[in-house]
Amino acid sequence: MSYVKRIRQPIIAVLGHVDHGKCLLPEERVILPDYGPITLEELFNMTKETVFKDEEKEVRKLGIRMPVAGVDGRVRLLEGPYVWKVRYKGKMLRVKLKDWHSVAVTPEHPFLTTRGWVRADQLKPGDYVAVPKILPGKDDKEKFLQYVHEKLKGKVHIKLPSSDEEWETFFYFAGTIFGRENSVNPEGLTHEVKALLELFKVLFEYPREVLRVLFMAPVRYVANFLRGFFDINGYVNGEELRVEVRGAPHEVLEELSLILLRLGIVSKIYPTSLAISGRRNLELFRRYIGFSEKQKAKELEGIIRRSENSESYPIFEELRRIRLLFGFTRAELSSTIPLYSKYESKEAPSYEILMKILNTIEKGSKDLNKKITILEGRVRDHEYIEEFKREGLIKDGKLTELGKELLEVWRNREFDSRDVNYLRNIIENFVFLPVEKIEEFEYDGYVYDVTTETHNFIANGILVHNTTLLDKIRKTNVAAKEAGGITQHIGATEVPIDVVKKIAGPLIKLWKAEIRLPGLLFIDTPGHEAFTSLRARGGSLADLAVLVIDVNEGFQPQTIESIEILRRYRTPFVVAANKIDRIRGWVIEEDEPFLMNIKRQDQRAIQELETKLWELIGKFYEFGFQANRFDRVQNFTRELAIVPISAKYGIGIAELLVLIAGLSQKYLEEKLKIEVEGPARGTILEVREEPGLGHTIDVIIYDGTLHKDDTIVVGGKDKAIVTKVRALLKPKPLDEIRDPRFRFDYVDEVTAAAGVKIAAPGLEEALAGSPVIAAPTPEDVERAKEEIMRQIESVVISTDKVGVIVKADTLGSLEALSKELQEKEIPIRKADVGNISKTDVMEALSVKEENPKYGVILGFNVKVNEDAKEVAKAKEVPIFVGNIIYKLIEDYEAWIKEEEEKRKRELLAKVTFPGVIKLYPDERYVFRRSNPAIVGIEVLEGRIKPGVTLIKQNGQKVGTIRSIKSRDEFLQEARKGQAVAIAIEGAIVGRHIHPGETLYVDLSRDDAIILLKHLRDVLEDTDIKALKMIAQVKAKEDPFWRAV
């Protein structure tokens, strides 16, 4: 069948250096449920496994759960896979929130504000920044008791509390001690109280470990601790309607504020006091903590009754967005919420009012259908039309872009309770506090950061964020709605060509270029480890790659890894030479094309850039590539184009986008032509479970069109899965009305190139990195199954031969790792996709018994199951895991080398080396005839050591060398040509041995095998001669020695 062809947008992957300039000072703290509060420096030093290291930075594997803001707006515990240490010299900013903590960050580190994510150097006093309302702790009694027993081991001999009630009493007591700042006079105290006091001192190591213990202890124990503290130090301020702690040291107040977050209570910190106010906080205080003293408890009830409101939420734009999404005008809401309009402009609504607003909005507008007909022009209603004009939906009698968009949203009912629930989650989990001041200072030293799945974490009780390389391109969509807008796909970001033209319009005109591509599709999972997963028909899914190199650091290990991968997959690429803004004296003009920006620079800065570019060009030449600055390239098929950029400031992004578009169009046009209506082909990026949908696959479609209800064939664990598409989901476009954070659009079809989530039965066993093929007919299904099984069988290995066990996260990365191992002639017993299991360890153990060198497991981008860890540790099976293929293999090869050296050292320690000696014929060199015999000898061949047995020419044993002496010095060894005296235990001169006689070191068969098979490289010529001489002697009695 013949289908219409058109050019699709090219698929672009980003590899190489990850721009990681967003860091914090070493002393900034994160709070981990398993460890309590810990500075970033301590967190880094606590981890041992280095993933990457150079002169400027070090990345270590972390694998510890920590509080983050989840995509649904809730504070969650998610694993932070990596922690960074980066060398930094330059400006730092300390952001201090009003009546709260501060945090010191590099200028580009973003904070979540009511205006979205804002960089530290763009914050100003008065901006509102997100602070978590709750910090989850451990809340696991068994783990806490384990921690207590471990801590007290050998330190204190008292009976520990045995029940919850006793522990709660102890924590209450500890809180009172903390409230008195540990100033308790033990005189006159009972034995029981003294014991509790001793337990307090050891467990809490006052004041150092208080916060840690309180984040590891069950929350009810924490509540009792706080009650004890507030009973001693707490007051009810009836005038200000708040609970206060007065006169405590500021450090204690800061610790206390973080402890209160475990219960969802946000306090205010003043120089010498702490206050809890607002109805929500006071009610939580009463529920969890309260006062034991009746008068204070009564006063607390009084201020709660008089407190009408809780925290305020100045989320004016977000309120307008969700109101319009659900079809309300301001006037409509004002009938239910008095004076509603002020909450979108000047007065931040309190928690209580905001909840009332959201409850009203969630019910939807009764007049929505009427509003649709008005926007469609079918009905005229003067009042609504005037409202729509004020809202910016109608201008000059026509619908604006916003009006058109809302009409589509209302018609399709693209909103439901989940939109409201996201905002509820934000309000329940965060408060927004104003920036009080921002201090700037110079810093020279190490800074730290943590990588998390959601690109954010909580430091010093403040939410901070780190970004990806695509952020700068995405940001260009702000105020570019009329240009079509950058849209988010599953696993990809689409940049329409209109946006490229908007960013790079002047350049396109200057170069007289015509771009016919519909856009660019950037894969959202940058890095070489993701690239290896992007397979399509045996090659790379990516049509083109951007290799990002820090122009100041030059080639790094990940650069070399990326080049090798690009070469292996024959993927064309361009080079982005990043961080030109770090060149001394570089003049920055944000979002400016490089060719315009360079005209602002002085000669010295230009020369420095030229030098750095020539260094890069030289390195590329070493790897077999001709390279040049992009505007100097004569032939793009023969020369690599290097675009100097600053991802941080947007300099050179215009040229990069135009170059990608131009090269794709000129050289990849035939590849980009797809059959629009042809059956779809794609690659699975990820398999994940979605609430309400079951197991789904995130897929990049690179050919054809996929429809709902299509039959698809998908690569599975050990089979091809045939299933039917139940739903196709794409994220909502990134615009001001829809909320794309966790919402999907259900669509009937998707055309390449696109990222899509597929919901279908039976996807539990689907393999990341494997193909997805649409199959319209039964014959197509069979062909697709055969094709997919061929691909899987070519990568997944299962044999009985001696070899390593290989595990990877996707089919593509498994293939890449296996190829590298095969090229290095490292045999593979088993290669499969998935985490490392106990079965893998047992398989490696069976190999280890045959050949220890190969009894190992290599894992790329995978985790090790707990039971597998335990068995591997017990059976001493080495497991190597990492996310850089060559580094993984390097680590394994280094281990082999170390093991061989260790084995060699062990063999050297126990093996007997060959040696032949001759007693001097002169009787003067017989120093003692027996017990032991001491004689002068010369080593004729080989070597001798104390402890070796000597034999005669006829094979008869004559005794053992007890010691070797040269003049006044005892030796551990004597070699060929040395004249020494030796003491021989068991020999009598004149009976067993005689002056002038030749004696041989007695070797066993095992000695000979070890020497010739395992230690051949350490044997010298004289050792070989000695071995042959000994073999001749021993061959008379044992035929084995004839072969030596």
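Here the Cβ of each residue, glycine as well, is placed from N, Cα and C on the backbone.
Copied from Swiss-Prot, the annotated features are:
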type	residues	note
DOMAIN	173-265	domain 'DOD-type homing endonuclease'
DOMAIN	451-668	domain 'tr-type G'
BINDING	Asp524, Thr525, Pro526, Gly527, His528, Asn578, Lys579, Ile580, Asp581	GTP binding site
Helix, strand and coil totals (DSSP H, G, I; E, B; other) for the domain 'DOD-type homing endonuclease' (173-265): 57 helix, 9 strand, 27 coil
PLDDT averaged over every residue in the domain 'tr-type G' (451-668): 78
Cβ neighbours within the same chain of Asp581 (GTP binding site) - under 8 Å, at least six residues apart: Ile588, Ser646, Lys648, Tyr649, Ile651
Count of other CB atoms lying within 10 Å of the CB belonging to Lys579 (GTP binding site): 24
